[in-house]
């Protein structure tokens, strides 16, 4: 039965004439047809009122006629829509919440690191290892778990990762030695590597293309920088009040609650009819082994150099570095073999022919290297040069929190449909934000304890989050529009890998530069504070020089008029060749053609 106003009036007239009567029991059973609802990915519905012919004429309108008219199919759809809207909000809140808590722990660690090192007896030379080892492990395993999620189901992998992250985060708060802290941070990185790529896949399988999907992915993009910013603020508060350990206790409790919520609201079927068999046949395990080994060895050597710049002369580090670099051509040759035999390849060589792909890969890697190093060394400057209390250090990061939140809200339009990503092309959005952000480390390179906060560091903090937040949000939206559903998890793994490896490499390189400059200044007879300041200034100059390269990379790497909010592009022949390989995932997401 039609549910238009004219049809309702007609039904009323027919009932009034006594020709039809409403069968309420059949109507309540919902036997009518089901229809697509406004919430993408959901279905609403309910049955039409079932009527039967009545012989004779009615003497009047029964009391149930008005109720029957109100119980139209359209109203039942509206009730279903409200129910599905609640479900959609819960899905977004769950996936965004875990992303938020992930980076909140890193933010707490940034501010509280000196205090944590003193309590657990962490050696001064290992001061930057807790954040570095987290990024190292996560970066080396994201691709693996992304591929596994595409085969056995993103929901299974995400739930497993969320459960392990709750356990390991709680254990970090309970750690009593430096070794325990490092091991548990590495385990936390492994657990989060299960959640980052699969969250994108779960979102795109829950929501159809449209405003809901854009807002869901945008919220995930906003969750990470906001979580880190919240950790920066709360870290100082916890250290000066109830203790830094409570930051990890609270994070573990909240994450456990999100795990339960995710168990109830996340639904997905495995993408393979035989998922466990697919693990053996549909994933390029040799490519995974080669790439993971190369990334792991390279990150370890860089971290060792960051601890002591003279470590580059160590024979062991030299051998490991040679092996890590030598595995790169081995990986390329293996990928060529897999393509020639038409077998799954983790990263087919053909994708490097596309300029847009290379552009966005390089931008993500360099931006995260700069942003991570900038934040850690800014915190060290405030605590070790200006000798501020942890809570005062946290307040110095407040402008970054505010601007970061505003950037994400404007970029994704959580209250609308995303104004900037719909109206401004990617090239303009990324290049302008990069120009603004490169001023941030430049200002910190001139900051001294004698210069008041409002004249230097304040402006630097205001400008620092613009490009990273815009880049993260735009990239997250692009991945949903450019990738086929069966490769969403692996695509998310590529993005996370680039970000995490960039974090690790950036921190290691800047730490080595800072250590070298500081040691030289100390040997020349300069005081400790002055030597540290010179070393930190050197790292900020390095960050500035790196961001200068990002501007032309993002400008010339994208076509004019290309928008992140545009409709989904057509899949190329490469994606059809290898639906579970990196060819479809990386190329289509990072190229993002208009």
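Every residue, even glycine, has its Cβ placed from backbone N, Cα and C.
Between the stretches 44-66, 182-204, 205-227, TrEMBL puts its transmembrane segment entry on 182-204. Within the set 538-558, 559-579, the record from TrEMBL flags 538-558 under the feature transmembrane segment. Among the ranges 157-176, 457-476, the stretch that TrEMBL annotates as transmembrane segment is 157-176.
Among the residue ranges 132-152, 489-509, the one that TrEMBL annotates as transmembrane segment is 132-152. Fewer than three CB pairs closer than 8 A are found between the transmembrane segment (248-267) and the transmembrane segment (538-558), and contact between the two stretches is not assigned (pairs 6 or more residues apart). Mean pLDDT for the domain 'Major facilitator superfamily (MFS) profile' (91-562) in this predicted model: 80. Between the transmembrane segment (86-112) and the transmembrane segment (315-334) there are fewer than 3 Cβ pairs closer than 8 Å, counting only pairs 6 or more residues apart in sequence, which means the two stretches are not in contact.
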